[in-house]
Amino acid sequence: MRRIGDAPAVRRVLIGAAVVLSALFLLLPLVAIFAQAFSQGVGVFWGNVSNTYTLHAIALTLGVALFTIPICLVFGVALAWLVTRFSFPGRRLLQTLIDIPFAVSPVVAGLIYLLLYGRNGWVGTWLDSYDIQLMFAWPGILMVTVFVTCPFVARELIPLMQAQGSREEEAAVTLGARGWTLFRRVTLPNIRWALLYGVILTNARAVGEFGAVSVVSGAIRGKTNTLPLHLEQLYQDYNTVGAFASASLLALIALLTLAAKASLEWRASRREAFI
Amino acid sequence: MSIHLYNIGKHFGATRALEPINLDIHEGELVGLLGPSGSGKTTLLRIIAGLENADRAREPGKILFGKCDVTNVHVRDRRIGFVFQHYALFRHMTVYDNVAFGLTVMPRKRRPSSSGIRSRVFRLLEMVKLEHLANRYPAQLSGGQQQRVSLARALAVEPDVLLLDEPFGALDAKVRQELRRWLRHLHDELNFTSVFVTHDQEEALELSDRVVVMSDGRIEQIDSPETLYRVPKNRFVFEFLGDVNHLEGRVQDGVLTCGDARLNVDLPNGHEELLLRPHEVRLAEAPSIESHLPVTITAISPVGAEVRVELQADWLAKPWLATVRHADFERLALCRGLRLYAHPRQWHRFKDKNSTAEIAARAA
């Protein structure tokens, strides 16, 4: 007996459409990036990549991601814990507020930060009197990146923690477990895959963020230029090969991230199959 | 360890889950909290455990374990074992690690050595007959096995009080029966104080030394199973503890009539409702001077030692249930559609909601 919707013709059409579409929209651009980057040979590619400004942009981008991830991790876990384990007035409102960074255009987010923390902004004026500059410097880039990426971890955790409920934690408490032990031995093992997945998403977004960062960074070469901004500048300067060399680096980070995610999913499914 | 509750009440927002109640549980007792869902029994159990706080009323409630006031003691320091309704086993730990958990999180001073933990865990696993499954994960076990693991886990820390929330609710009838007996033996052997929650009256009556019947956040009655069954304090208890048949009608000159049914009763004139248990209904081929209650058999189901017979009649709003011994079943040649006469062996009557039963026995 054949299952509904499993006619050979239907199957062939659907699979064919999927293959064609992913080739056109996903695979081809990816190949094009690397093809363009290496179009004038490995030497030129290497020259572009090892350029001081490019190296600085790579360092800044990775550095920002390195700081963003732990901040978002702690924030996300704390928020998910708060929302799923306690009931208090305003809980639903808070759950909605988490999504603001997703709902707001990153450029708007950048502008708001500029207005607040810029030299003439509300907080910025006060900070300026202490000689602290946030905007057009790396702290500003970090701030907007955190703003844009902070919902990822919480969004991954909340549905999972809601579904799992707090029974296991209650059981652990009746058995005498205290705060940190409870989190480390009962909560964390149950959420670790979702947590890692959230971190991967956070990393992908932190590395690739353009809109918000472009507003607050000022894009000073060798100072506040992240990889996506650097790429755009090169392209504006008609240095196509240079732009694609940087693009290929970003694509490489994306591919590595995806590979990490796939291997995590594979390990998780293997573990479940074992259980 | 005895448990004493004074003036313990609980609201969730504006909803009252528990009226302020008092309850004394003696040392070594096995007490069942019985009630329909929403009666506050689980809330009460969670308050005893410390997983829920009682209301801070003007007259604050008090919980004593023995002579020690534990009202403000945190759940982890109350020395209780709690068995959750769906077991709440740590799904990422093996059976062994689950049982050992309580021992491994003890403060270093009190914690047994790792070989001490090992021997205690295996002793417990032996007791619940699961030592061969020590390396399995919870998802690899059946419901009954998971329940036993969760019992072993709760007992590992040697609690003074064992609290069980619907311990057998999710298991099939046979495993349930087995585990009930097993828990009863365990209780008698280890002699801790246990409180368990159930909505199954049979379970409560079979397992408990005393049963606390609850409804709507109130305690309706606290008694031994026999007393509870024989002398229910009010109509709710009577109806909750077993199947009940209703006979409603007007009494005129000592005769209750309802359609073409009548029954001689020694009651004043007026509207009356009488209640009968299924085993208090006798079936015969003829009416008597005392009663004339014509019924038709609509369903027959042999259940264990008795046959359950469903009876229908024009004068009945809801069908009656009668239990008949197999011998009588064969003698009367009962079958569906057969017309017979019901004779009450005895009946119960509650003057109002809160009054105790008045029982009248008939020579039937």
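Glycine is treated like the rest: Cβ placed from N, Cα and C.
The transmembrane segment feature in TrEMBL is assigned to A:12-38 (among others).
According to TrEMBL, the transmembrane segment annotation covers A:58-84 (among others).
For A:58-262, the entry in TrEMBL reads domain 'ABC transmembrane type-1'.
The feature transmembrane segment is assigned by TrEMBL to A:96-116 (among others).
Outside the transmembrane segment (A:136-154), and at least 6 residues removed from its termini, the chain residues within Cβ reach (under 8 Å) are 60, 63-65, 67-68, 71-73, 75-77, 79-80, 83, 98-99, 101-102, 106, 109-110, 113, 117, 195, 198-199, 201-202, 205-206, 209, 212-213, 215-218, 220, 224, 226. The transmembrane segment feature in TrEMBL is assigned to A:136-154 (among others).
Summarising the annotation, TrEMBL assigns transmembrane segment to A:194-220 (among others).
If one looks beyond the transmembrane segment (A:240-260) by at least 6 residues along the same chain, the residues whose Cβ comes under 8 Å of a Cβ in the stretch are 30, 33-34, 36-37, 39-40, 44-45, 48-49, 51, 54, 57-58, 200, 203-204, 207-208, 227-228, 230-232, 234. Per TrEMBL, the feature transmembrane segment maps to A:240-260 (among others).
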Same-chain residue ranges lying at least 6 outside the transmembrane segment (A:96-116) that approach it to Cβ under 8 Å: 79, 83, 122-124, 135, 140, 143-144, 147-151, 154-155, 158, 209-216
